[in-house]
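What TrEMBL says about this one:
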- 368-407: domain 'UBA' (DOMAIN)
- 279-318: region 'Disordered' (REGION)
- 21-45: transmembrane segment (TRANSMEM)
- 65-91: transmembrane segment (TRANSMEM)
- 103-123: transmembrane segment (TRANSMEM)
- 135-154: transmembrane segment (TRANSMEM)
- 166-188: transmembrane segment (TRANSMEM)
Amino acid sequence: MRSNIVSEAGLPTRLSHWWEGIPFVTSAIVIVCGIIYLVCLFVGYDSFAEICFWPSAVISRFQVYRIYTAIVFHGSLLHVLFNMLALVPLGSELEKIMGSLRLLFLIVLLATSNAIFHLFIALLAAHNPFHSFDYLMNECAIGFSGVLFSMIVIETSLSGVQYRSVFGLFNVPAKWYAWILLVVFQLLMTNVSLLGHLCGILSGFAYTNGLFNYLLPGSSFYSAIESLSLLASCVRRPKFILCTGGSPSGYIPTHTNTNSASSGVFSTGLWRSLSSLMPQRGGSAPAQAAPDSRFPGRGRTLGGSQNQAGPAVNSDLGLHDRLLDNGSSDRLSESLPVSTGQSILDGRVSADGAAVVGAPTSQQVSGTFEDQLQQLVAMGFEKTQAEVALTAADGDSSVAVEILMSQQARI
């Protein structure tokens with residue numbers, strides 16, 4: 001085979017491949033917002049005062065529908081294009097972690113909480129005894145950006161990084177990332193709803209700090225909805241991600257390199273979405289198959305070692321039920337297949353393409369095992385179950401977290 005072969009797929013092919021990688025709910029929101037904008041453009045509809053989030057109208061006329069109609073309408077082509085390009089990387093990552101129905105519920109919850117914060121702050125500012133800001137009660141806000149700011153806070157919290165990049169220009173502490181974006185957009189763009197974006201940030205922090213936990217249904221709720229015959233056609237679609245395969249809650253403890261800076265959503269995320277449509281030069285090595293987002297988890301190679309026995313391969317079956325039921329010593333001594341170098345990072349599957357070679361010494365294994373066990377206990381897991389899960393995961397704390405969280409979802 002000749003090396004340095006230029007494999008250039010056409011734009012329609014690359015666009016189709018990019019679109020197929022977007023999960024079900026995220027792609028559905030993009031389609032809905034895009035169709036609504038095109039219909040408004042073709043029929044000449046611009047009466048956004050009838051559908052926008054207008055605090056005075058919501059309170060005086062009790063027009064609650066504005067909470068949800070406002071997020072799917074956009075005022076210009078750049079408005080809808082920028083919001084949807086930002087939604088694709090954000091929504092795709094969160095949907096692969098949470099599942100399709102859980103993400104849809106999260107978006108509805110964030111839209112509702114954003115509106116409540118918006119109303120509360122507008123009322124407080126308009127009726128404060130020092131200086132009245134009546135214009136906030138008559139501000140008409142539309143667009144998905146308020147929910148996007150909430151998703152930025154949640155995704156940044158799940159990533160576990162300490163720094164994020166703002167448009168690739170400079171790094172900021174991750175906890176200030178959303179606030180920096182709020183200031184930048186307010187300074188660089190006109191006709192931007194400061195209060196709408198601010199309330200999105202507040203909702204995101206409220207969610208990540210567990211203030212909405214009592215509003216989040218359990219996994220059985222999503223499983224019951226997914227089993228409905230009315231949704232059978234949606235659930236069977238390849239892009240639909242079952243909640244039973246994702247995380248039982250929005251917050252997932254992650255094991256990542258916190259010293260590295262993560263690129264910002266509005267810089268690397270948008271550029272990655274656009275660059276995926278461009279032709280690229282391919283090498284002679286075959287490309288590694290992308291993991292199926294419908295079946296999140298740690299991939300293992302069956303028969304990865306020539307000396308691997310058959311029962312050792314079958315020992316991985318029913319891992320959660322066997323190992324986390326009791327911490328007996330005979331179960332801990334079972335061997336597992338050789339890892340292929342895949343790891344779970346930030347709740348997502350990423351392959352480095354290199355097989356695990358060699359074995360560490362017993363002292364290194366013991367020290368590393370105890371350190372990772374202490375990390376799992378610090379996350380709030382029970383020590384016995386954490387030890388069993390860490391042993392089952394070959395000392396990989398990220399996989400152990402996934403096993404523990406999956407077991408909690410079954411309880």
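Here the Cβ of each residue, glycine as well, is placed from N, Cα and C on the backbone.
TrEMBL: automatically predicted annotations, no manual curation.
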For a three-state summary based on DSSP, what are the helix, strand and coil counts in the domain 'UBA' (368-407)? 32 helix, 0 strand, 8 coil
Go through 21-45, 65-91, 135-154 and flag the stretch with the largest number of C-beta pairs under 8 Å relative to the transmembrane segment (103-123). 135-154
Residue list, the transmembrane segment (65-91) vs rest of chain: Cβ under 8 Å, 6 or more residues beyond ends. 22-23, 25-26, 29-30, 32-34, 36-37, 40, 48, 51-54, 57-58, 103, 108, 111-112, 115, 141-148, 151-152, 155, 191, 265-266, 269-270, 272-274
